[in-house]
Structures are given as C-alpha cells and as structure tokens.
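As given in TrEMBL:
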type     : residues : note
TRANSMEM : 52-68    : transmembrane segment
TRANSMEM : 88-109   : transmembrane segment
TRANSMEM : 121-139  : transmembrane segment
TRANSMEM : 183-201  : transmembrane segment
TRANSMEM : 226-245  : transmembrane segment
TRANSMEM : 265-284  : transmembrane segment
TRANSMEM : 386-406  : transmembrane segment
TRANSMEM : 434-454  : transmembrane segment
TRANSMEM : 466-485  : transmembrane segment
TRANSMEM : 491-513  : transmembrane segment
TRANSMEM : 542-566  : transmembrane segment
TRANSMEM : 572-593  : transmembrane segment
Amino acid sequence: MVGVAADSSQASELSSAKNPMIKYLLKQRENHARVQDADYSHVFRRKTRFELFRLSAIAMAIEFAYAAETSFVSPILLQIGIDHKHMTMAWGLSPLIGFFVSPLLGSVSDRCKLRWGRRRPIITLLSLGIFLGLILVPYGKNLGVWLGDAGYNYTTSSYANDSTVAAALLSAESVPESGASPANFKFAVILTILGMVLLDFDADTCQTPARTYLLDMCVPEEQPKALTTFTLFAGFGGTIGYAIGGIDWETTHIGSVLGGNIPTVFTLVTIIFVICYLITVTTFREIPLGLIERDELLRPLSESAIKKELKKNNNAIYYIQENSTLDQQMKSTEEPIASYQNSYLPALGNKLKKPHDLELQADDAAPISLRGYLKSIFIMPYSMRMLALTNLFCWMGHVTYCLYFTDFVGEAVFHGDPTAPPNSAPLLLYEEGVRFGCWGMSIYAFSCSIYSLSVTKLMKWFGTKAVYISGMVYYGIGMLILGLWPTKWGVLVFSTSAGILYGTLFTMPFILVANYHAKNCFRVHNGETVPLKQARGLGTDVAIISSMVFIAQLIVSLCVGPLVAWMETTCAILYASTFLSFAAAIAAMFVLYV
C-alpha cells in the first residue's frame, strides 16, 4: 500500500502544472516553437478563456445543424410518405457509412502532412458536407416537385369524420389531382435522404477532428477545462438551435419571406454554422506533421517525455527561477537544465525501475504506418474496449431520444398524425407538437451547458466513476417516467435528464482517453501502470470512441421502427432509452478511471 501511495504521489507530481520540470519543458518548447518559420508557440502555453471560446465555436455550429436535423428530418420524411419503419431505417444509412469511415478519417487526420495542419483540413471537408445537407434537407421536397414529383393523394374515406379535412380535400388548392401518391415524392425522398445522410454523417464525424484540434492546441493540464468549454458551447448551440425550431416562423415577416417554418430554421442555422466554422479554423495555426516528426521539441509534452527528461538529468527536479532573463536563457535549448537551478529537490524518478517505462508514447514516437493505425482500430486494450462499450450503450439511449423525440411529442403527447392531409386538424396538432418538442430539446441542450460548467467540480467532489454512472441512471429514470406519463410538463422537466447524459457523453470519455495517452496508462496491475506496447494515436482513439455514435444509430434505426409497430405507441422510444441507459451504467462500472 505504501508503494502504491508513493507511485500515486509521483504520478500526481509529474502531471501537476506546478511541477518545475513541466514548466521548464513547456517553456523550452514554447521558445523553440516561436523561432520556426511560423510561430507555433501557442501550442505550448495556456489558453485564455476567449481562445477556448474560439476553439469551441465549431461545437456550437455542429449543434445548430444537429438541432435542425433531429427536430425536422423525421417529420419531413413522414410527411413525404415514408412510414415509421422505413423512416427509422433511413436513419441507419449515415451510421453504416460512419462506422467504417470515421475511424479511417481519424487515422488520416493523424497522418495528414498538409502544411495547413492535420485537423483543420478534415474539419473543412466535413463542414462542406454539413453545408450541403443544410440545403438539401429543407428544399428536397421543392426540388423534387421541380424534377417532376406529383405530390399528395388522399381519399376522403380516410378522414371522412373530420370536417376540416373534408373541406381541404374538396379544395383544389390544398390537394393535388387524384392519382398522385406518396410514391410520387420519389425525387423528394432521394434528395431529402441524401441531405439527411450528408448532414448526419458529417455533423457526427466533424466532432472528432474538432475535439482533437482542441486537445492538440491545449497543454495537458487544461484539457479537462477545454473539453468542458467545448461541451458548454455545444449545449449553448443546441439550446438556441432547438429554440429556433420552436418558433412559429410562418407568423413572422422573416418566415413569410423565406417560405415557412422549415426553410427559415435551416437558413438561419446555415448562416450561423458558416460564421462559427470560420471563427474556429482561424483561431490557431497547427504544427505540420512533417515538422513534428523531424523535431522532438515540437511534439506534445507527455508524461513519458517528462520521465525521459528526469532520467537524462539524473532523476533530479529543479525549481526554475522565474525572472526576466528566463526567456532569453531558454532560447538556447542546448543548455543543461542545471543552468536554471534554484534549489535541489529529492529525486522523484527513483521508482522508474523498468526500462520500458521510459518509452515514448505514440505522440512522441516515430511515424506509425497505416497498417499500424488500422490495427489499433480493431485491436484495442481492455480499457479502451470497456470505454467504447459504455459509450455505445450511452449513445444508443441518447440517439433514441434525439432522433425521435419530436415525433413522440407530436403523436403521443399532442395526439397528432404526420400522415394526415395538408391543413387538417391532426396534421396541425402534430406540427404544434413538433414545435413544442423543440422547446423540450432546447431545455435539454441548456441543461447540458449548465451541467458542463459543474462536471469537473463534481468529479473532484465525488470522483469520475460516481459522476459518470449517476448521469446515466438519472437519464434512465427520467425517460421511464416520461414514457409512462406522456404530458407537456413531463416533456419540459425530464428533458433535463437528456442534457445531463449528453454533457456526460461529451466530456467523460474524452477526458479518460486524454488521460490514458498523457500518462501512457491503458492498464493498471497491482496499483502500477503497465505500459502499452502497441502504438496508438490520440486522434484514432478519439475517433474510435466517437464512432460509437454510428454503431448506436445503426442499431437503433433498425430496431426502433419494429419496436414502435409492435407496441403500437411511440412511448416505446423512451422505454428503450431507459433500458439502454441502465445497461451503460453497468458497463461503466468496469471502465478504467485514471
């Protein structure tokens, strides 16, 4: 027990931002990066709050797009003639692509040698896909009519008891000529589903390089704060995005100019998305991979690099005299560390008995082959497998809520019908329910922002494991109550539980992955770290954890439609969320917490 405590103390000292060795190494790298052809010194210094805001703006942009997608894509698909079963299967196209492509993009990002950097080119490519999706989804129906779609066809017998519907059916202006059928929306279906796939795949995948770009630009000790800011902005973007969807734009001047609710929402979201994208990609210059491979002092500062420096300097740590001459002295990286000695401390490196403790981790090592990256995707250590499984169950529970919640509110709470004729009472009720569901999802996104502000403090007070598991349990209870009693107040109150789960999904797994890499700790045996022999890239591991959303969405899209048809109620969506969140809580008990 004494040895374990000593090792823990050592690890704490090595990872502490106040450690003089870390201060020296960071300052050494900062000054070295400043004298390159371009100034890269920002990579090795702490960031201001405003800089973290700029780095996280892309998260807000993605959530704006995601809010518009999750609020309106399902209603749009239902209204152009796709039933629940096929609508949920359409949602499976994007994750089917994303499951295979997302980790590969993570590997490409880790290996990208463009002078513009490794992360920003991928962010730009995926942002272009989001932009195209934001155009195709709201205007797919209009483009379909332009290409030859005939439109609606309803028989009066289906809604013979509804006088409003009957009047609409007798109006030539409301309903197209007889003989048209939902099948005549074939071009609209193709274009809308294409836009949905582009929007959904790129929005989910873009979070990986955006998050990795954030981690690359931050020194290790501020990464939890950076991820918290990222989550805060994601929640803020979702809050405004869903609120925009909750407004009845048809009664406003802007809505009448832009053509109704859906075109107005997507136009506003597109403008905001482009602005936020530009803010993030112009924040900091990335160090090109070629420079990182050639120059060790331009590589990220990891714990293994600190241990190597300790070994090289006879396991001694020195206080650094912080005065006006320090910057000038450190410009010469050839000088020994003893030049900055102020006082001598007992060695903390005497416990580094094993030669492989001094191995550099993937970020510091020689370039990894493509084969090695692909191998790291499919062959993971136990800690990564359990974290991925937990994230999979979490995403399955959350995706079930996100993709079908507005449809649930429109049908189960407001008792509307998305397949009813235009201007009919059931359809108007359904559309009112969809807008009300947007307000519930706005509350969910807002609660995610609030939770992200306190998650790091909760981790310090109660521990990472307790906070991680409790978020899943609370979500499961909230969804169960809402499913049993589908009411308007329940929609608003229990949407907060979804926000807490989303805040957990956005922070916890990536804090753990960042810690695994920073400490080169993927396995602990008898209280001691067992170094990993397999080379692993941070971008690849972040992509693997992020790609669980694709597997989750694929499984959910194949199962939710038959489940709703079997139970004959959209409340089945929330029952599934409850079961999956409890499964995630059980899996989280076996995760490695560093």
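Here the Cβ of each residue, glycine as well, is placed from N, Cα and C on the backbone.
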Surrounding residues of the transmembrane segment (434-454) on its own chain - C-beta under 8 Å, 6+ positions past either end
63, 67, 70-72, 75, 228, 231-232, 234-243, 245-248, 261, 402, 405-410, 413-414, 488, 491-492, 495-496, 498-500, 502-504, 506-507
Apart from its near flanks, which chain residues at least 6 from the ends of the transmembrane segment (88-109) lie with a Cβ under 8 angstroms of it?
77, 82, 118-119, 122, 193, 196-197, 200-201, 204-205, 208-209, 212, 370, 373-374, 377, 403-404, 537, 539-540, 542-544, 546-547, 549-554, 556-558, 560-561, 564
Report the listed stretch (121-139, 226-245, 466-485) having the maximum count of Cβ pairs within less than 8 Å of the transmembrane segment (183-201).
121-139
Sort out the residues at least 6 away from either end of the transmembrane segment (386-406), same chain, that have Cβ-Cβ distances under 8 Å to it, and list them.
66, 70-72, 74-75, 88, 91, 380, 433-434, 437-438, 440-441, 472, 475-476, 479, 498, 501-502, 504-505, 509, 512-513, 544-545, 548-549, 551-553, 555-557, 560, 570, 573-574, 576-581, 583-584, 587-588, 590-592
Folded-back contacts onto the transmembrane segment (226-245), same chain, C-beta under 8 angstroms, at least six residues removed:
47, 49, 52-53, 55-57, 59-68, 71-72, 210-211, 214-215, 218, 265, 268-269, 276, 435, 438-439, 441-453, 455-456, 499, 502-503, 506-507, 510-511, 514
How about long-range neighbours of the transmembrane segment (466-485): same chain, 6 or more residues beyond its ends, C-beta under 8 Å?
394, 397-398, 401, 455, 458-459, 491, 494, 496-498, 500-501, 503-504, 508, 571-575, 577-579, 581-582, 584-585, 588-589, 591
Sequence-remote contacts (6 or more beyond its ends) of the transmembrane segment (52-68), Cβ cut-off under 8 Å?
123, 127, 130, 133-134, 137, 199, 203, 206-207, 210-211, 213-214, 217-218, 225-226, 229-238, 240-242, 244-245, 265-266, 269, 272-277, 279-281, 283-284, 402, 438, 441, 445
Beyond the flanks of the transmembrane segment (121-139) by 6 or more, those residues with Cβ under 8 Å of it
58, 61-62, 65, 68-69, 72-73, 76, 105, 108-109, 112, 114, 191-192, 194-203, 205-206, 209-210, 213, 262-263, 265-267, 269-270, 273-274, 277, 280-281
Contacting positions for the transmembrane segment (491-513) when only residues 6+ beyond its ends and CB under 8 Å are counted:
211, 215, 223-224, 227-228, 230-231, 234-235, 384, 387, 390-391, 394-395, 397-398, 401-402, 409, 413, 436-437, 439-441, 443-452, 455, 464, 467-468, 471-472, 474-475, 477-479, 481-482, 538, 541-542, 545, 581, 591-594
